[in-house]
Structures are given as structure tokens and as C-alpha cells.
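Record features (TrEMBL):
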DOMAIN    14-149  domain 'P5B-type ATPase N-terminal'
TRANSMEM  30-50  transmembrane segment
DOMAIN    163-226  domain 'Cation-transporting P-type ATPase N-terminal'
TRANSMEM  233-253  transmembrane segment
DOMAIN    271-392  domain 'P-type ATPase A'
TRANSMEM  406-430  transmembrane segment
TRANSMEM  445-465  transmembrane segment
TRANSMEM  933-957  transmembrane segment
TRANSMEM  963-982  transmembrane segment
TRANSMEM  1003-1025  transmembrane segment
TRANSMEM  1068-1085  transmembrane segment
TRANSMEM  1097-1119  transmembrane segment
TRANSMEM  1135-1153  transmembrane segment
Amino acid sequence: MKAKEVKIINQDLEDEMEVWGYQPCLWKTILVGVGAVCSGGLLLLLLYWLPEWGVKSTCTPTSLRDAKTLLLRTTDEFKQWFRAKVHVMLAPGRKPFDDLDLLSKTQIPNGDGDHIPSHSNSERHGNFPHRQPAQIQYFVHHSTKYYWNDAMQKFEVYKGLEDVKVTCASIHSEHNSGLSKALQDYRRLFFGENEIAVIVPSLFKLLVKEVLNPFYVFQLFSVILWSTDSYYYYASAIVFMSIISIVTSLYTIKKQYVMLRDMVAAHSVVRVSVCRGNEDSEQAMSTELVPGDVIIIPANGMIMPCDAILFNGTCIVNESMLTGESVPVTKTSLPSSGKEAVRTYDIEEHKKHTLFCGTHVIQTRFYSGELVKALVVRTGFSTEKGQLVRSILYPKPTDFKLYRDAYLFLLCLVGVAGVGFLYTIVLSIINKVPANTIVIESLDIITITVPPALPAAMTAGIVFAQRRLKRIGIFCISPQRINMCGQLNVVCFDKTGTLTEDGLDLWGIQRVEDGSFHPPESEAAKEGLVKSMFVACMATCHSLTKIEGELSGDPLDLKMFSATGWVLEEPTEEETALHNPIMPTVVRPPKNFTHEANQNNPLTQNMHESSAPQSCEIGIVRQFPFSSELQRMSVVVRRLGEKHMEAFLKGAPEVVTSLCKQHTVPQNFTETLESYTRQGFRVIALAHRQLESKLSWHKVQNLSRDVLETNMEFLGLIIMQNKIKEETAGVLCELRHANIRTLMVTGDNMLTAISVARDCGMVLPHEKVIIADALPPKDFHPASITWHYTEAPTHSVKDNQTVEINLEDIMYDDQVSQPEQSYHFAVSGKAFAVITEHFPQLVQKLVLKATVFARMSPEQKTQLVEVLQGIDYIVGMCGDGANDCGALKRAHSGISLSELEASVASPFTSSTSNISCVPNLIREGRAALITSFCVFKFMALCSIIQYLSVTLLYSILSNLGDFQFLFIDIAIILITVFTMSLNPAWKELVLRRPPSSLISGPLLFSVLTQILTCLAFQVLAFLLVKEQSWYEIWTPQSDACNVSSPSPSVNETIPHDHKNIKNYENTTLFYVSCFQYLAVAIIFSKGKPFRQPSYKNWSFMLYCLVMYFFLFFIMLYPIPAIDSFLELVCVPHDWRVTVVVIVIVNALVSFLFETTIDRWGRPFLTWLFCRRNKPPRVRYRHLALELQEDTDWPPKPSTVTYTSTPTSLSLT
């Protein structure tokens, strides 16, 4: 094996890392120790900041198997380095799921002893005298343990029961009885205690970590330097401010840790009933659970302490903690037979049967002699909740160009400081300055150039933006993403509940009988329909439940059930015990309604046999909940008095008809469906099947969904009206005018989605929509894409707010030039999957102009966001937080519309249930981004202004005074920075976006011109003061203000100013530079088009006016006490007036330059550097230019693109 090998852990996962092995090296360690002593500990600091250097400087490379220390590096764009120590654990087996016969006969001592290896085997394994313990290497990183796999020669994570690839059938047959105590103890060695332990660091640890931040280390260096140069007051002020900053930071961090710990620990430790064998059960603490344990879910519910598979019974669960969706969901038992049973259990695929850690089981459906049981699959940090907590504890750094450029800009300032450093040394040597003074003053120039308050200043805009967002009901758990919102150029919207109303109104029903449609009917709760199969399906095929006497569940199910007028009754515990074998949930029509229907409607007696059962009271025996992947749900029911059971199915019309007998589906089904979906209606199809009489309740519980949902009889359509929210069209119009793309990503029908897209203005009336209908390869035919063109007609029914879409009714106009054609692609989830797999070269072309994505699964929504990010879009996602969790987290800015104050599903949560929050968030993001730019430019320029002043004063062996530094940094710069960050966002979104980079031509040009302007006026004042008739080398006896005043007595003791602070040059430069700070603050504090004008920021304007008044007053009417405090000398009044003229002209020139650059800077630089025809940097613009020149794009109507051919072939 190679000595320096690299392996990949967590391959293809979000936290994928490279890992190298190292062993400690004695001579390297000694060398580093000597270096640390010689450098006064600075070398240790450097190795602390750079873990890869720390490992490489003290260790030698070795194989992973022999390593004692590991070096880890993430494979993402951040390339973060970590170091980890390898530990050794003794255990009777090498893997948690090893089949150890000994474990059934012996006991393992409780506790893992912190997994510290013991030299005495009897100490750890005294109960295993016949088994030689195995030594297992492991390391811990971000609360996850990685164990060495000798066979694979790499470290791996044991997540849980999924690691052994169990099938659904084997869970029922092999894992349904639980674990013995010995086997549980053995597995706990690997999986540890079942707890999500949020360890709150001690204040001392937090303090050390905070103080070792490079920012504070630099401040400490600066304070020591200033103290040695007798700048005690300024140093004390900086220390005081740093202490306040550190204390505030420690308080905030500690509070966040405590809040997270309390949130996690609230219900994490509970008592549970654990099965030990088929019949036995015992009470145990939830911390003792391991994957493979079987727990009993109590009837009154519980907070789940782990991720578990429900394999017996049904549960009603509130998953709002994970999804932000407060609607309870029904969890059913894992299938034990049929096609589903042979499939390998997957936590994502089978989440309808999985109870997640931290979710609240509200109630269970239990039957006589049957217990509701669940099999533990994951524990601790491996659970969904655990991974969520890990993501909060160890967040990824925010990748935003602004912050990367800020570090580059700081390096530039360090370069400028280096020039000043050398200048100071050379000048001091020429003037024969003492060596200690040279060292202090040359280092002092570095502390002046690099502003120590920059990090705090740049976060001010974000903090204020976060407060403003909270006031309008938008809550943020990731403040750094606020700046990214200012750069959004595409926003994806979910449809139902986001663009359209949450609730659906029943527009009507259209029943089918004998393979033909009846005319549409507006009501389902009619007397003549009480005993029809159609109404029975509406009344039973749902996942509604009663919680505290109120019906609760999916809004669509609620609306559909209420339209029938039926009543739902759930059994009590006493009723369940009286019935054998079953007391199911029962639905029935009101008693008087049933009686009237039987007496007054003889037509029901003549209906088809299957449509006229004798009883209207129906019991729901089993539910198969709605699956967004399958796009359907079904139930098994039994009518009162009937021996046979029946199945009802509802779902997407295309899916339901594919499961029905073809002779029961009307021939005009497609035309009828399109007539509704074109008008924007949401259509749900119903189907029915009578089951064999031999099927018992127990057999039904084990019946596969695939077996049940076939050979159905088509019952008809439910037509639901999904109204667009009032705010939707206006918001989308505002985004379009701001040149922000909007996409619809929905699970609904394609034509319904296109209709809604037209109605809300996402697709304009004159624009074409091209449906990309892709088919996978089949029977030696390659995968293909058929391109269907749709177009809105000239007439639309405005009264009903619907738009007709004529499919394939238009003629393609070859005479229209390609760039002038306005078109949108529409893609279904099925087509998206085919195109992604078989046409990868078309994916980016398609998403560049695709606007409607229909029938998309949650995973596909996430995949779409990644594709958009892959072509350099800054992507926003707005959804309801339920099926959109993955996409909300993956997007640069995810906005969840949730009633919860802070949903963990996304960085942003809006308490308002419409998309008006999106432009608000983008406006605040733009304002925060511009504020960050303004503050950075201001802080950088302040440093340069001060650097220029000090450099000029060094030429006469002078400097600024202690209180002068204090006044400039605290009274002017610091307070100005925080007040200039208070500008609110501009009231509307404009077409252009703020720049994303500090290293851009116009910005650098702006800073450079201001630097040159300030330099010119400082040099002018510095030279001009020396030309005055009253000028002389200042001495304590000098008095330029009053030459006739008596000279001080020779016996009077005048303190000697060894630092030469008091002189005419110092006083002049102090006044000029103070006005320069204020001038650039006002000039850089930009208003429109991203922020409100500065004059509306009262605190900033008031403070600037106060400072201007104060400075003008003390300059024109000097006050001896203030002059003495600031170490200023008296100068003639004429010179003071001259300085006033200089600062006014300086301000005007600075303002003129900035205004000119704002208006003409970019065009001028483009012309100057011949960049007009340079290709765009971002991929989506580059791709758009390519497609403009492609005469075969978009594909023509009625053409098919095959994988085997590069061009499209016309259909015959």
C-alpha cells in the first residue's frame, strides 16, 4: 500500500471528504516546539488556523490502517481542512450487524467506556472469555463516528439498519420480534447512546476560541503596539470595545447552544416499551435503543426518540418540526407482500411508513389483540432530526463572492501597508531615529492601514436587514444568506398553496357509467347520489382523522369530504376492545338524509348492481396514503352487513386510468380531461374495485398496494377550482420587470400548470409554450423527445378567469427570425427524468427557457435547483415547506410559507401565506448588499485617509495624537458606519442588480479616484501651511494666533513633546482628514435604486450634521479645552478660513467624481479596455448567445429527437 494514500469517505454525499493518514514524528514535533518558543507562540497560532500545516509539520504520511492522526478535506468548493485523532475500540465483533452466536448466550457490560482501549481484556470483555476481542479503529468528525473497514480498506459510517439492505418482507419476518439484551448492548458499542447530544461548550472554551480569531489576535497585537507608543487612551478604548464585542459574541453563541440543546432535549429522553422476543416486552429508556430494536407505540401517541419503520398498525403524525407543514399525516404499516415487499427498504422511498425522530405521534389506530409496533432503523445523529441538528451545529460557510473579494481587498491593503512599512523604516534611518522608535512606528503603519473593526462593520447591514425582515413577518435562521438574496436572478415557485389558494373549491363532478360520461353535476351531496359508488369513494378515499373532535388532514381531502355531507366517526378505545377483530373508522351520510334517499328516490333501486349496495355505513379497513411519487392513494373498505370488501382509488387522472380496465374508461376521456385542465381546473380521477369475498381483515393488512391497485373500474372525475391568490400576478409582474426569471415547479397536471402560468402572467398571452414529452428506451427503440407546441388563442374567458390552450392547432411561421420568437418550455417530471438520463446535453438548454415543470417529485425539484445553479443562476425557491424541503435547503435562498415562526425547512420563513414576501426579501437583500459595499468602501478609504495623514506627518517626524486617533476612530468612523447601515430598502425592484464583486472595475475606479482626491487635498494643505507667512517650526513658545501676546517666562516649565504631536501640519491635516471622512461617508452612502435616499436615514444625517457643525465650530472658534484635549495648536483665523475652503472644494470634487463614475464609469472602462465584445462570464448568458445562433433551436413542432441521432426527425 502506498505510504501517502488518499481515500474518499461519504462518497457522492453532501459531506464527501478526502482523507489522508499520518503518524506523529518526534523530530518534527521538537522542531515545531522550538519554532513556537522562538516566535513567541505565533507559529502555534498559525498551525491552529491552518490544520493541514499543523498535521504536516508534526507528522509523517502513512497508510490509513496505521494512521494515528487523519487529515480531512471537503471535496466541495470550500475545500475545508480538518484534523481528527484515531481511537481504538475493543469489541467481540468487527461490525454492528455481525451474526455472533456468542451474543445470544452472554451479556455485554453496559456503557461503552468512552471507547478507550484497555490493556486488560477482562476489564472490557470479562464476560467473553472464549472470544478474542477485535481492535477497531475509529475517529469522530462533526458528531459522526467513522469505523475502519478492513475488507474495504477505508473508513465508513454505520447509519443504521439500512446498511444491511433489508427488504420490506424480511423486516416483517426476521426483524419483527426485537433484539436480545446482549445483542442490543453489542450494537450500542458501535451506535452509542440514542441521543442527540448538543454539548454546550464552557465559557472558557468559547472565550479561547473567540480570542484566537485572527481579528482579535491582530487587535491584541495592535493594542500592545499602541501601548508601547504611549497611546494608552486609544488602546484602552479599543480594549473596552473588544471586550464588549467578545462578551456579546459569547453571550449570543452560548444562548444559541443552550436554545438548541433545550429544543433537542425537550422530548429526547422518554420511557419506551421494547419488545424482547415475540411476546415479551419491557420498559426501557429511549437512550438505550439501537437499530433493530422493536418498540411499541402507545395509543395516546409519543414524541419519537428515533427513526423507526411502522410495520404494524397506523399512526397520525405531526411532522411540522421537520417539514414546517402543520397538517397531520397518516403513516401506514410497511407492505409485507407483493412487489413492494421484495424491494429494499429506503428511508426516502418508504417515508410514508417511517416515523421520524422528533415528530409527534398524535394517535394510533389499534385493534383488539394487536399492538402498534415500529422497528428502530436509525438512532442519535444518524436520524433525520440528528442530521438537521448537525447542519445547524456545523453549517457550511456561505460561498458568496463579496466575502472572498473582501479578503483579496484586505490583502491589497496589506500590500499598501507594506509600502508604508518600508517607507517609514527608510525615512527613520535617514533621520537617525532610535531603533525602538523605528520598530514601533513602522509596525504602527500596518495597524492603521488594515482596519480592525472591518468584520463587525460589514455585518451591521445584515443585522439591520434581519430586523426589518422580522418586522414584516420574514424570519431568518441564516443571516449571511440575506446578501445572497440581493443577487437572485431566478425564483422557482411551487403552485398549490404558493401561487394559488391552499383550499380548493369543488367546481363539480362528472360521473362515468357503462363507459360513458354523465353530464357535469355541481353537487355531490344530492339525495340521488347517496348510495352511488362515486360518492362512497369521495367519502372514504382520504386520510382524514379527528383530533380533539375536529376533522384534520390535507385541505383537498377536507374539501372533498365536506362536499359529500357525510360524517366521519372514529372508534374509542372501549369500542375497539368490544369488537373482534376490527372496529375501523366509519363514514356514513346523515341518518335523515339516508332515510329520505331510500324513500323518495326509486332511481337508486334501478342502478347497476355494483353501484347500489344495501348499506351506506362504510368502515375504512386499510389506507394506502397519498404518495407524490405514485400520484395516487387508495383505501380498502367494508360496508355494514356486507361480507366482501371493496377498494377505492383516487389520484392523477392519467395514473388512475392506467390502472383501470380499459372498457370502463370513456373514449372521450382525453378530450374531456383537457377541456378542464386547459381552463386551469385541478382534476382528480376516482376508481373502484370489488375484492374477493375470501379476503379476511388479516389478509388485507398484508396485501400489496400493487396487487390491490389494478383492474379497477373507472368512476369519474372530481373537478376542483384552484383560484390564484390576489397577490400572485402583481408579484410575478414586479419580478419580471426586475428581469428576474420565474419558474413554476409543481406536482400538478401539465395543462393545469400551463393554464395557471398564463393566468398569473408567468407566461404572457402571445408567448408559445413547447411541451417536451420524453419517453425512455423501450423494445429496441431509443429514448425520444416529442416537441408539442401550444398557444393561447386570441379570445379568453375573462369572467371565469380561464384561458383556452389549443394544442397542435397552430402553424409554425418559418419567416419569423429565431431570436424574435418568444417561447417557453414545459416539462413533466417523467420527461425530466428521461432527459436528464438520456439527453444530458439538452438539460441546460432546456432549463434556460423552461418555465413550467409539472408532475415533479420532491427529489426532482431539488435536482432542478442544482441544474439551474450549474449554469450560474442565483436561485431562489418559494414553497409551502412540505414537499419542497430539499429544494428549499438546496437553493441559494429558500423561502417557506409557513405559520411557524422559523421553519427548519429553509433559511427564510414567511408568516404571510402569499408570495409578496419574495420581492420584499430581494429588496432587503439588495439593500443589505449595497450597505456592505458602502461600508467596505468607507472603511477601506478611512484607513487610506488615515494612512496618508500619518505618512505625511512621519516625513516631519510627527504623528497623530492619542485623542486624535480616538476621536477619528470612535466619534467619526465607528458611529458613522453603524448609522449609514440604517438606510431601508428602496420601495421597488429595479431592472439591474447590484454588483456581486468588490473586485470590479467601477468600484475600484471609484475607490482609486477618492484616494487620489484625498491625497491631493491633504498634500495641498500640508504644503500650503508651510508657505504661510506666520509659519515656523512649532515650539511650545509659538503662538501664531496672537503674536503680540507675552512670551512665557523662562522659569516656566513647559512639558516636552517628545512625539512632536503638536505642530501646524498636524492640526491642519487633522481638520482636513476629519472632513474627508464625513465627505466620503455621505458620498458612499448610496440611496436609489437599491436603498432609500440617505436623507431619509435620519440618524445618519443628524449625526453627520452634528459632526459637521462641531468640526466647523471648533475650527473657526477654537475652544482651548478642546484644543488641549485633541492636542491641536492655535492657527490664524485666515488660515482656518482657507482650510474651510479646502474641505468644501474637496467635498465637491469627491462628489463630482463619484457621480461621474456612477453614470459613465462602466461604459468608459468597457471602452478603455476594449471589453465590449468580451464573452459573458456566467454560463447561462453564454448558453443563451449560443442558442441564438442555433437555427435548429427550439425544435420545430411535431418533431422527435432521438438519442441515437443528433438532429430532429419529422413525425410521419
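Cβ coordinates come from backbone N, Cα and C, glycine included.
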Does the transmembrane segment (963-982) reach the transmembrane segment (30-50) with at least 3 CB pairs under 8 A, where each pair is 6 or more residues apart?
no
Is the transmembrane segment (933-957) close to the transmembrane segment (406-430), in the sense of at least 3 CB pairs under 8 angstroms with a sequence gap of 6 or more?
yes
Tertiary contacts of the transmembrane segment (1003-1025), as residues 6+ beyond its ends and Cβ separation under 8 Å:
933, 937, 940-941, 944-945, 948-949, 952, 995, 997, 1031, 1064-1065, 1068-1069, 1072-1073, 1076, 1080, 1083, 1131, 1135, 1138-1139, 1142-1143, 1145-1146, 1149-1150, 1153-1154, 1157, 1161, 1165
Residues sitting near the transmembrane segment (1097-1119): Cβ under 8 Å, six or more positions beyond its termini, same chain?
971-972, 975-976, 979-980, 982-984, 1041, 1071, 1074-1075, 1078, 1081-1082, 1085, 1128, 1130, 1133, 1136-1137, 1139-1140
Quick check on the domain 'P-type ATPase A' (271-392): DSSP residue counts for helix, strand, coil, in that order please.
26 helix, 46 strand, 50 coil
Summarise the model's confidence over the domain 'Cation-transporting P-type ATPase N-terminal' (163-226) as a mean pLDDT value.
86
Let's see if you can do this one: DSSP helix, strand and coil counts over the domain 'Cation-transporting P-type ATPase N-terminal' (163-226), in that order.
42 helix, 2 strand, 20 coil
Where else in the chain does the transmembrane segment (1068-1085) make close Cβ contacts, counting only residues six or more beyond its ends and a cut-off under 8 Å?
934, 937-938, 941-942, 945-946, 948-949, 952-953, 960, 964, 967-968, 972-973, 976, 980, 983, 1010, 1014, 1017-1018, 1021-1022, 1025, 1094, 1097, 1100, 1104, 1107-1108, 1111, 1115, 1126, 1128, 1131, 1135, 1139, 1142-1143, 1146-1147, 1150-1151, 1154
